[in-house]
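Colleague: One structure, pasted below without further comment.
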Amino acid sequence: MSTSTLHRPRPATVSTRPPRTAGAVGRRVLWHAVMVVVAAAAVAPLLYMLLTSIRPQATAFSGPIVPDEFSGAGYAFAWNDLQIWRNFLNSVLITGVTLALTIAAATLAGYAFSRIGFTARNLLFFVVTSALFLPGVATLIPVYLELQSFGLLGSRLGLILVYTAGGVSFSLFLMRTFFDALPHELSEAARLDGASELQIFWRVMLPLSAPGIATVAIFQMIGVWNELLFASALVSDPAARPIQPVANSLIGQYGTNWPALTATMTLTALPMVVAYVVFQRWFVAGLTAGAVKA
């Protein structure tokens, strides 16, 4: 005698999502079309710069958009004749050291302003972050005279100190906002377990602040790498300059080697593109995490 299993028919699920109307679909298509246009407008200059960098000098602005003949002469001239590899390494060194100093200072100070109560905390925070209201060009002459008096004018160390001082205010503002958004119960629980303030910062808060640190790193990296005014005014030695003033100097009064210029600009933009792709997830998380206070 065979037995058969009776299956009850599953009740039909009722979708709570309202049906899409023609107007909603049209708005969605229009929104995606606008995003495609905006993305194309952002990518087109980079693509044109890349294509120009691999053209021969004689056909830099003639012929089709995609060249019939490709040439690496622009990269060879920029890398070997102009020796921009020295300036590229200068930018890497200056940006890396500035980034480390800024993150260390902003993270420690941001935690102190957020979680440690001390006299005139808010007043001191306002004084430190008030540098955000001061345009950088207004500080150029005082900074020049200060570096000259300390014997740091024209040096990489002088630029590192200037960039660090200029980036701490905004980085501190971001890190304090991020620490304010973290639950205070975490630090209170660690404090009840006998952890010191330094242990709370190092073992509890610092691992949770990775998105905020990534946000600070991206902003500071882009700002230092692309800075032109102070790098041009404070460093005159071509061998000690970052890459941005060198790229700007390729624009001649009577003629410009456009493949070499666009090759230099492509090499200049490449690290920032790679850095944003690598840190994009933490960058977005850091911006959204600091938007809501716990």
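Here the Cβ of each residue, glycine as well, is placed from N, Cα and C on the backbone.
Residues or ranges marked as domain 'ABC transmembrane type-1' in TrEMBL: 88-279. Here TrEMBL flags 1-20 as region 'Disordered'. The transmembrane segment annotation in TrEMBL covers 29-51, 88-111, 123-145, 157-179, 200-222, 258-279.
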Colleague: Taking the transmembrane segment (88-111) as the first stretch and the transmembrane segment (157-179) as the second, find out whether 3 or more Cβ pairs fall under 8 Å, excluding pairs closer than 6 in sequence.
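Modeller: The transmembrane segment (157-179) and the transmembrane segment (88-111): touching, yes.
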Colleague: Which sequence positions outside the transmembrane segment (157-179), separated from its termini by at least 6 residues, show Cβ-Cβ distances below 8 Å to it?
Modeller: 94, 97-98, 101-103, 105-107, 109-111, 113-115, 125, 128-132, 136, 143, 147, 150, 205, 209, 211-213, 215-216, 219-220, 223-224, 227, 230-231, 234-235, 242, 286, 289-290
Colleague: Cβ under 8 Å to the transmembrane segment (258-279), counting only same-chain residues 6 or more beyond its ends: which ones?
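Modeller: For the transmembrane segment (258-279), the nonlocal Cβ contacts are 46, 49-50, 52-57, 60-61, 71, 73-75, 77-78, 82, 84, 88, 91-92, 214, 217-218, 221-222, 225-226, 243-244, 246-247, 250-251.
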